[in-house]
Amino acid sequence: MATSSSTVTSPPPAAAPQAGAPAGRKRFRDPSLPILVVVLLGVWALASRFTPEYDVPSIPSVAKEIGGILTSGELLRSLFTTLARVGVGLIGSFAVGLGLGLAMGASSPAARYLLPLVRFVQGIPSLSWVIIAVIWFADVELRVWFVMVLVTLPGFALQTYDSYRGIPAELRDMARSFRPGRWSLFREITLPAITPGIFTAWKVNLGLGIRMVLIAELVGATVGVGAQLLSAQQLFDMAAVVSWTLLLAVSMLIVQGAVELLESWVLRYRPRIDRPGRASSAAAPKAEG
Amino acid sequence: MTETAPHEPVIEFTNVQKVFPGHHALRDLSFGIGRGELVSVVGVTGCGKSTTFNLILGLFPPTEGSVRVEGHDPHAEFDWFRRRMAVVFQDARLLPWRTALQNVRTGMKFAGIPKQEWDGRARDWLSRLGLAGREDAYPHQLSGGQRQRVSLARAFAVDPEIILCDESFSALDEITARTLRKEFVELVRAGGKTGVVITHSLDEALTLGERILVLRPPGHLADEVRVPAGSDPEVLAELRERLITAMNPEGAE
């Protein structure tokens, strides 16, 4: 344990901020994902040989269908419309959920009234919201948005609330000892402390949102993946069903990946946790004992 | 056996009582701390050290009596003490999402110091505390001693008139703690600050304090000891015994 600057062994200052980079490259070198894809494609190819096309379509027919979707402006518009609905719905839900979560965290009376309400909303089945939306709203976009917001809102609100309550009292007291203004306190303590929870809520709600948007689109939408799936179902076009589903799932994987990249950049201050048995090459060295 | 503070009083407790539900933390505590003094407050667990610390900080008001710091009420006039008081806590309490430099800057931001001064002051204080070259390290990349150095830099960078230490060196190993205490005393004296160090360690109190206030449960002043500069080990040993006697809740006053 060194006690003065002269004995401090200084590691490269930027060691930790870049700690995520080797992990990223490592992931691309990991053979498990290609192996998994090849095995799944093999099982699919085998299954399609022994089942009718309308049950399990062949890989070439699905590939052709996907090619058709990606080269047709109108069909591609359906995919982007659905993704946009998810995005707009989640942004609306995030804005309201964040506000509710912060209000519940900052004020006990607000928590007493709002928390049971949010938990009650969380317990309402998604399908009920779809039916209510159909009865209440004639406009399809409004229906989809309404359903998206109400289904994903509790996640944002509760995660924000929990993160707010989890802010260490020691850090608040430290900040208070400097007599900060409200905004500085929010910007420097509250916001960074709740950010990891907000990312968790986004990742969970992206999956939930994509499942919900299709159900909402099945009712009345003429554009969107849900509408395309409904049309494919009526035509017993299994290749189209699989193609749309695959496209949507892959799009969501890309969005999830982007969110995770953003998360690892925003939360770059966090120490990397190396699993036992693995070399901790990127672990930041400590200068003193 | 008490000695009065020779300086103009900056911190004054007059017949202070503090009662929490079911617990009498302070009972009739009176003392004064003069400008530019470095005073340690010692006592056994439950003697009211932390309550005294929080009263000076203004986190709550006394139940009875008066607490004045610079002639003001630290609780009622909480914001008046912005930039006038800074604290070094037991654990460094650095923001994990900020680098060493940013943590020092954040203290100044909280204290309302003009933005153009943040960077220069922060680098200067980190350098003075031996952390040049570690400005961009996150807290988890620093050792306990280095984190506490950042915490000291954060407090001194605000250039407060009063520095409060709450067991600031007690979580460190003895070698690191000794070095940091020495640096702390030099910085307080060089800056003409008033320092109050709450500690349970008698050695720390004897090293740091020009004067030592001994609290005894339930929260009153049992003794007040002046430590002559450059005292030899024999004198320090005698003072240590005197402190132990004064701290002992069973002992006679």
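Backbone N, Cα and C define each Cβ position, glycine as well.
Residues annotated as domain 'ABC transmembrane type-1' in TrEMBL: A:79-259.
Taken from TrEMBL, the feature region 'Disordered' covers A:1-25.
Annotation source TrEMBL lists transmembrane segment at A:33-51 (among others).
Sequence annotations record features per position, and here TrEMBL assigns transmembrane segment to A:83-105 (among others).
Taken from TrEMBL, the feature transmembrane segment applies to A:117-138 (among others). Residues 100, 104, 144, 146-147, 150-151, 153-155, 157-158, 212, 215-216, 219-220 of the same chain sit 6 or more residues outside the transmembrane segment (A:117-138) yet have a Cβ under 8 Å from a Cβ within it.
Sequence-remote contacts of a segment are chain residues at least 6 beyond its ends whose Cβ falls under 8 Å from one of its Cβ atoms, and for the transmembrane segment (A:144-164) they are 85-86, 88-90, 92-94, 96-98, 100-102, 104-106, 111, 114-115, 118-119, 121-122, 124, 126, 129-130, 133, 136-137, 190, 193-194, 196-198, 200-201, 204-205, 208-209, 212-213, 215-217, 221. Residues or ranges marked as transmembrane segment in TrEMBL: A:144-164 (among others).
Marked as transmembrane segment by TrEMBL: A:208-227 (among others).
The list of residues near the transmembrane segment (A:239-259) in space but at least 6 beyond its ends in sequence, with Cβ under 8 angstroms from a Cβ of it, reads 53, 57, 61-62, 64-66, 69, 79, 82-83, 199, 202-203, 206-207, 210, 214, 225, 228-229, 231-233. Under the heading transmembrane segment, TrEMBL lists A:239-259 (among others).
Listed as Cβ neighbours of the transmembrane segment (A:33-51) (distance under 8 Å, sequence separation of 6 or more from its ends, same chain) are residues 57-59. Sequence-distant contacts of the transmembrane segment (A:208-227) (same chain, at least 6 residues past either end, Cβ-Cβ under 8 Å): 77-79, 81-82, 85-86, 89-90, 126-127, 130, 133-134, 140, 143-144, 147-148, 151-152, 155, 244, 247-248, 252.
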